[in-house]
Amino acid sequence: MTESELSTGGKSRRLGWRRALALLTIFCAVGGAVYITKAREQIHKAVSQMINGHFRETRQLTLKPVDPLKFKTAAVAADYKTCSEYGVKILRDQNGNAIDAAIATALCVGVVNAHSAGIGGGGFMIIYDKKSGERSVINFREAIAARENAETTKDIQHILAQFTERDKKTGNSGEGEFLGVPGELRGFEVAWKKYGRLPWRDLFQPAIEIATKGFPATPALELAVSLNQRIVTNDPGLSELFKPNGRFIKKGDPIKRTKYGKTLQKIADGGADVFYTGEMAKQVLKDFKSIHSKISLKDLKDYKAIEVKPLEASLPGVKGYKILTSPPPAGGAALINILNILKGYNFSANDMKERPILTYHRMIEAFNFVAAKETYLTDPKFSDKTDQVVKEMLDPEQGEELRNKIDNTTHTSDYYGPINYHIDVTDGTIHLSVLDKDGNAAAITTSINK
């Protein structure tokens with residue numbers, strides 16, 4: 001199959017390339033084994049030409065995948081440079097380990113990219129302890145309020161229908177009926193108590209510093225604000241931060257989050273209990289109730305992060321290496337599924353140079369197949385089908401079967417298999433990875449899940 005033989009097999013592409021790219025980011029983040037950066041614009045051009053059949057221009061298209069940086073001792077990779085540098089200081093100057101640096105870096109990114117992460121969200125942390133060989137996943141995803149539990153968790157289609165209908169009426173997906181109990185701080189606490197080295201208080205200082213001194217608005221933050229102008233305008237707290245003097249912030253505008261810095265300082269001094277059981281909990285609850293959340297003080301007090309075993313699989317094409325990734329309700333199995341599909345192509349650097357469109361086509365088709373199946377990776381506490389879905393996704397033979405369905409055509413969504421639910425990917429979620437000099441590793445995916 002040549003570049004120019006690629007074609008479009010239909011107009012309806014519900015699981016199209018934009019969703020595929022978004023899911024790639026999510027899968028790789030949750031997996032904690034692959035960190036992909038800076039190819040989005042190049043992929044956008046390539047795939048747009050592929051889908052629209054404009055192959056005459058492909059010779060002029062220049063694809064320049066970014067080579068990863070290499071470090072001898074340790075590394076921190078986050079989506080904001082200053083926060084990565086703070087993580088490096090934790091390792092280099094304070095003798096912290098990968099877990100310390102990961103927590104400090106995540107707290108920092110939560111200040112800068114408030115639309116994606118923060119102490120009001122939740123996620124997963126994958127940990128590898130070199131000395132003991134222990135592998136662990138901390139699940140600190142948000143939990144549903146106890147009073148909602150029995151009625152709403154049994155029928156995901158019903159829940160999503162309620163989301164959709166409400167959003168159509170209000171135009172605001174930020175209302176609090178389905179707000180989850182925040183898990184980030186409890187998750188960081190569990191990881192720090194078992195694996196951390198530095199004092200808890202020290203992990204918060206970088207985030208407090210950048211919140212207090214200020215930082216330039218990122219392009220991602222500008223975009224998030226521009227897409228949510230009504231929400232920002234109607235919320236006094238958001239408006240104060242992101243619409244000062246009646247003008248929405250732009251990239252590069254100076255921002256200070258002084259109040260948030262003071263909040264972090266209290267948590268640094270008093271521990272996570274300050275947020276979940278102290279006076280701050282009452283204020284948090286007051287804010288929740290103002291947007292009609294059903295979360296109670298008992299929900300906050302009872303929240304627990306859970307330590308579980310990671311999913312493991314051999315890394316295709318790389319002898320002696322394994323992938324550690326998060327089990328459901330995370331999408332780690334989907335990452336392994338994608339790699340199982342793609343391994344039969346035996347990709348090399350030459351594929352990106354000589355056959356970029358074909359290579360991206362095959363990747364995106366793999367994402368589409370897995371995107372459909374990934375919708376069945378629900379919380380195993382509320383579904384007896386999840387374990388079977390994971391088993392299938394980890395099976396190399398199933399990956400080969402899906403690869404055999406990839407041809408030179410893009411298809412309508414039903415070709416990729418039935419989906420359990422459909423929900424648009426908007427914004428939210430950050431990922432970071434840390435390796436330290438002792439061989440310890442930590443990867444965090446955390447989100448406000450908007």
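From the backbone N, Cα and C atoms, a Cβ is placed for every residue, glycine too.
Going by TrEMBL, these are the annotated features:
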- Thr429: active site, nucleophile (ACT_SITE)
- Arg141, Ser447, Ile448, Asn449: L-glutamate binding site (BINDING)
- 20-37: transmembrane segment (TRANSMEM)
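Shown here: features listed in TrEMBL, placed on the structure.
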residue : record                   : Cβ within 10 Å
Arg141  : L-glutamate binding site : 23
Thr429  : active site, nucleophile : 23
Ser447  : L-glutamate binding site : 23
Ile448  : L-glutamate binding site : 25
Asn449  : L-glutamate binding site : 18
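A Cα-Cα distance of 4 Å separates Ser447 (L-glutamate binding site) from the residue listed as 'active site, nucleophile'. Among the residues the record lists as binding L-glutamate, namely Arg141, Ser447, Ile448, Asn449, the two farthest apart have Cα atoms separated by 10 Å. Asn449 (L-glutamate binding site) sits 7 Å from Thr429 (active site, nucleophile), taking the C-alpha atoms as the reference points.
It is 7 Å from the Cα atom of Ile448 (L-glutamate binding site) to that of Thr429 (active site, nucleophile).
The two recorded residues, Thr429 (active site, nucleophile) and Arg141 (L-glutamate binding site), have Cα atoms 12 Å apart.
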